[in-house]
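Worksheet for the structure shown next.
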Amino acid sequence: MQQLDKRYYTLTVKQALVDLNTDPENGLEDQEASLRLSQYGQNVVEDKRRKSMLSTLLRQFSNPIVWMLLLATGAAFVFRHLVEAVAVLIVILINTTIGFLMERQAIRSMDKLKSLARAKAKVLRNGERRTLDSADLVPGDLLLIQAGDLVTADARLISVNNLSLKESALSGESTQVAKNTAPLSDGIPVADRSNTVFKGTEVIKGKGVGVIFSTGRQTELGKITALAQGASKEATPLNKKLRELSVRLIWLTTALTVLIFISGMIRGESLLLMIETAIALAIACIPEGLPVISTLSLARGMIGLLKKNVLVKTLESVQTLGETQVIFTDKTGTLTENEMRVRVVALDGFIEDFSDEISHNKQLKYHPAFHLFSKAAVLCNDADLQDRINGEPKAVGDPEEVALLRLSGDLSDDIEQIRTQNPRMAEVPFDSQIKMMGTLHSCENGYLTCVKGAWEEVSGRCSKIFREGQPQHFDNKTEWNRKVEELARSGLRVLSFAFRISEDIPQQAMLLDDLVFIGIAGFMDPARPDIKESILCCQQAGIKVVMVTGDHPGTAVAIATAIGLSDGEPSSHIHGKEILEKHLSAQTVDRLLQASVFSRVDPAQKLGLVSLYQQQGLVVGMTGDGVNDAPALRKADIGIAMGVRGTGAAKEAADLIINDDAFTSILAAIQYGRVIFDNIQTFVIYLLSCNLSEILIVALASFLELPMPLLPLQILFLNMITDVFPALAIGMSRGEPELVMNRPPRKPSEAIVSKANWISIVAYAGCLTAGVLGAEFYVFSTAGGESKLVNNVTFCTLILAQLWNVFNMAQRKTPFFANQITANKYVWLAIFFCLGALMITYQIPALPSALSLVSLGHGLFGIVLVFSLIPVVLVQLLKRGFGIIG
Ligand code: ATP
């Protein structure tokens with residue numbers, strides 16, 4: 001693959017464009033771009049090591065289980081038991097093949113999700129603006145960036161407008177770096193290359209165009225990532241917990257097998273048989289499938305969540321979702337529809353209500369301040385009511401700004417004319433920190449500054465008000481303040497407007513100062529229809545929902561009360577400025593923890609809030625959409641970015657992207673996260689109870705001096721058939737949504753297998769043992785003690801009993817015949833598959849003799865069937881009859 005290692009920061013804009021052979025007006029031609037894509041490769045920084053088939057295959061052999069099996073093969077060869085040696089080799093082959101296939105499937109799912117999570121990039125190609133998957137960018141592409149974007153390749157800037165970036169991904173510095181286009185001298189370090197933007201950095205302010213010179217691994221970020229990858233490992237906390245559990249089980253098993261070995265030797269069993277049994281038991285007890293089955297079920301969960309509009313970026317997040325205790329949610333668009341309509345406009349001495357929707361008959365347009373208001377609303381506005389497509393007007397941009405354009409249009413002002421007569425010369429983009437935006441325009445009598453934003457901020461910068469056709473002293477702020485409060489309390493979102501006309505071009509830094517107040521507009525943004533129900537559902541699930549908004553306290557409390565999130569009491573509401581006080585008293589902390597609405601919160605305060613809750617040991621989910629939200633999204637245990645409204649930077653920082661921006665989808669994700677963890681817990685319980693029963697059966701039979709109930713290869717067979725497939729099927733279960741969302745969140749410190757679970761495991765294993773040893777004892781005492789028959793009956797009873805044991809995994813509170821297990825088609829498939837495999841085993845030459853199988857006949861098979869059902873009856877008695885197990 002080709003590399004470009006020119007120092008583009010030393011070239012002039014023209015030289016860079018010539019060198020990269022790019023037309024600055026039209027960008028690359030499509031044909032040229034695809035040629036370069038094959039030349040330079042995709043713009044991705046991925047770890048190739050994990051992906052190769054060979055490395056996946058080799059990983060299957062780095063497993064102690066496989067070593068033990070190889071040891072067993074060696075022992076069988078040494079003692080000249082060729083059939084067994086070959087059989088164990090086949091077992092190794094099957095085991096590694098299953099492991100290999102499952103891991104490939106998990107990798108494929110992860111890759112699919114990764115490609116979906118990949119950022120999009122805007123470029124100029126063939127003279128058109130296009131939005132591309134960032135993987136398709138090539139050197140020479142003209143990259144268009146603006147505030148909120150994540151830079152997706154390294155590019156030499158060719159034009160900038162007030163452009164600033166946060167380059168902490170590269171430099172670790174979180175300060176903003178201003179950019180320009182001037183060439184620099186050679187040898188300047190990366191952090192000081194002010195004419196270059198780098199992959200992975202975030203645009204905080206302004207706009208710019210750059211010509212891409214490095215993609216993928218050639219970018220600065222790519223080089224760092226390549227260095228860091230040597231040390232990276234993708235183990236989720238869940239996998240770590242599973243590994244810890246496996247290690248503990250290995251010790252337990254070793255102790256038990258030594259005991260069984262010694263007791264066998266004392267009874268005079270053959271040495272080889274006892275070595276093989278000990279090894280087989282050890283293998284039987286270690287749930288080697290756990291990590292890969294859990295990875296698969298997490299990955300499958302991620303795919304399932306995608307269908308519910310939720311893109312989860314890491315396996316770990318699926319797990320954390322189930323543990324979420326607090327959700328900080330913004331208001332606009334998440335709890336509300338974000339379908340804004342101007343409901344009220346108030347100018348000096350005048351208020352107009354638009355609730356009856358007959359806007360063209362309104363008096364507003366005759367007010368002396370109306371045209372100024374309309375100008376500010378149209379000019380200080382980045383939205384567009386584009387040309388009609390299919391007869392429908394298609395609006396783009398912030399819904400609030402769209403609503404303002406519609407109002408002006410409806411009230412007869414020509415939007416396009418206003419915009420062409422007053423071209424924009426400079427701007428201060430909206431920022432949730434300053435809660436305002438401002439634009440500078442040239443106009444007939446000089447320069448016009450238009451400002452809109454939060455009442456507190458705008459009014460603070462206005463010393464005059466536009467009254468009776470001219471600026472006058474702003475002497476009635478208190479009255480206006482009351483008006484704003486009143487509108488906010490009725491649930492309206494309020495924006496204030498101001499202007500200034502000057503003869504000279506004002507300095508950028510002074511653009512928002514010394515303004516003349518025009519008036520306010522109140523917007524209606526209805527709550528989402530399903531939101532009340534979702535909030536209630538969260539409350540039942542023990543999840544605290546907290547509204548954290550940049551909006552006015554009155555609006556925030558009104559909406560929160562309407563949707564059942566707050567009781568409207570003053571104690572439930574807190575103003576953002578209280579969050580960042582340096583030394584919080586215990587009482588304040590308590591108030592902050594009790595509150596359900598935080599208003600006028602800026603991104604730094606959001607971060608403070610997340611930290612405060614995390615310090616109390618709570619697992620916090622936080623939603624966000626702006627570029628400034630990125631730190632809080634990263635800090636939260638689950639950062640949730642909005643798919644529609646979210647900026648590239650917010651999406652990059654988040655763990656979860658909600659494609660439809662709806663709060664309900666967050667709830668669905670949490671429910672899913674809980675179900676997935678439950679499934680993992682259930683198959684762990686299932687596997688451990690089956691394994692424990694095998695140990696108990698062999699140990700008890702040996703103490704009771706019954707014939708060997710299970711031979712080594714039979715144990716291996718049992719595990720390959722009854723362990724993996726039913727466990728996999730349980731991992732696919734849909735869960736019991738009502739039960740799952742009717743209990744508090746699981747604590748992160750909680751072990752996968754709790755004390756109560758251990759009691760259940762022992763109970764299930766005990767019941768399995770009772771049924772199977774019952775069969776053995778019955779046949780031993782009635783069938784004349786023929787040891788091969790006795791062994792076969794025990795073996796078959798255990799196979800069936802373990803298969804039926806799947807049905808014991810249903811929760812006590814659900815009916816026996818209608819629950820998540822019986823409703824799971826994969827469970828039935830697994831059972832049929834296992835029964836089929838058992839039947840086929842009898843037909844394949846050499847296999848019955850390797851497994852020491854003989855034909856049982858109807859009578860004995862009847863006994864097998866009856867005794868295999870005994871554990872289910874016993875467990876159900878304990879579960880539903882006596883309520884001893886859950
Ligand atoms: P939420 O966090 O629930 O989405 P929000 O949208 O009100 O609430 P911010 O986007 O931080 O939060 O906005 C804070 C305030 O800034 C708003 O209440 C409004 O007064 C003002 N504001 C919002 N958008 C704009 C804009 N495009 N131009 C000017 N001012 C704005």
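Numbers run from 1 along the shown chain.
From the backbone N, Cα and C atoms, a Cβ is placed for every residue, glycine too.
The structure displayed is predicted, hence computed values, not measured ones.
What TrEMBL says about this one:
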type     : residues : note
DOMAIN   : 7-81     : domain 'Cation-transporting P-type ATPase N-terminal'
TRANSMEM : 57-79    : transmembrane segment
TRANSMEM : 85-102   : transmembrane segment
TRANSMEM : 249-266  : transmembrane segment
TRANSMEM : 278-299  : transmembrane segment
TRANSMEM : 683-704  : transmembrane segment
TRANSMEM : 716-735  : transmembrane segment
TRANSMEM : 756-777  : transmembrane segment
TRANSMEM : 789-806  : transmembrane segment
TRANSMEM : 826-844  : transmembrane segment
TRANSMEM : 856-878  : transmembrane segment
Using a Cβ-Cβ cut-off of under 8 Å, list the residues of the same chain that are 6+ residues beyond the ends of the transmembrane segment (756-777) and lie near it.
681, 685, 688-690, 692-693, 696-697, 700-701, 704, 706-707, 709, 790, 793-794, 797-798, 801-802, 805, 808, 863-864, 867-871, 874-875, 878, 884-886
Between the transmembrane segment (716-735) and the transmembrane segment (249-266), are there at least three Cβ pairs closer than 8 Å, leaving out pairs fewer than 6 positions apart?
no
Take the transmembrane segment (789-806) and find every residue of the same chain, 6 or more past its ends, with a Cβ under 8 Å from one of its Cβ atoms.
686, 689-690, 693-694, 697, 701, 706-711, 714, 718, 721-722, 726, 729-730, 764, 768, 771-773, 775-776, 779-780, 783, 821, 827, 830-831, 834-835, 838, 852-854, 856, 860-861, 863-865, 867-872, 875
Tell me the residue counts in helix, strand and coil for the domain 'Cation-transporting P-type ATPase N-terminal' (7-81), as DSSP assigns them.
47 helix, 3 strand, 25 coil
On the 0 to 100 scale, where does the mean pLDDT of the domain 'Cation-transporting P-type ATPase N-terminal' (7-81) fall?
81
